Amino acid sequence: MRGARCHNRRCYVYGHLYDSGLGYPALIADEKGGKVVGELYEINEQHLVSLDELEDYAPDRNHNLYERVLHTLEDGSHCYLYVVTPDSPLVRTLIPSGDWLDWTENKKSTE
């Protein structure tokens, strides 16, 4: 995301992170879940449009693979999350650590 400013390379939301089996993760947001690691960026409207296109998300469409939700972080700031529902076909293998980057590195080292 050219021009987007990274505020935090290791921040957290609560939920369950899954390996979709397609090379990217899927998040179920759940305040009772474990910590899920992410990055926080300051973006503009064009960045948001680009992210929506990347995630194949359309605000006016009834059936998206992901839903974009506004989330409040522990410090009171807000961010958007792209989340799935528990019945999503992307919910495959639970990532117990909640850390996608660690998960993919560990998978590479065991293959």
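For all residues, glycine too, the Cβ spot is worked out from N, Cα and C.
So that you can see what the record holds, here are the features copied from Swiss-Prot:
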BINDING   Y14, G15, H16, L17  substrate binding site
ACT_SITE  E55  active site, proton acceptor
Quiz item: Between G15 (substrate binding site) and the residue listed as 'active site, proton acceptor', how far is it from one CA atom to the other, in Å?
Solution: 19
Quiz item: Within 10 angstroms of the C-beta of L17 (substrate binding site), what count of other C-beta atoms is obtained when all protein chains are considered?
Solution: 24
Self-check item: Residue pair the residue listed as 'active site, proton acceptor', Y14 (substrate binding site) - Cα distance, angstrom, rounded
Solution: 21
Practice problem: Using the centroid of the Cβ atoms of Y14, G15, H16, L17 as reference, list every other same-chain residue with Cβ within 8 Å of it (recorded substrate site), in sequence order. | Solution: V13, L27, I28, A29, D30, G33, G34, K35, V36, G98
Quiz item: Near H16 (substrate binding site), which residues of its own chain have a C-beta under 8 A away, given they sit six or more steps off in sequence?
Solution: L27, I28, D30, G33, G34, V36, L94, G98
Quiz item: By the DSSP assignment reduced to helix, strand and coil, which category contains L17 (substrate binding site)?
Solution: strand
Self-check item: For Y14 (substrate binding site), nearby residues of its own chain (Cβ under 8 Å, 6 or more apart in sequence)
Solution: A29, D30, E31, K32, G33, G34, K35, V36
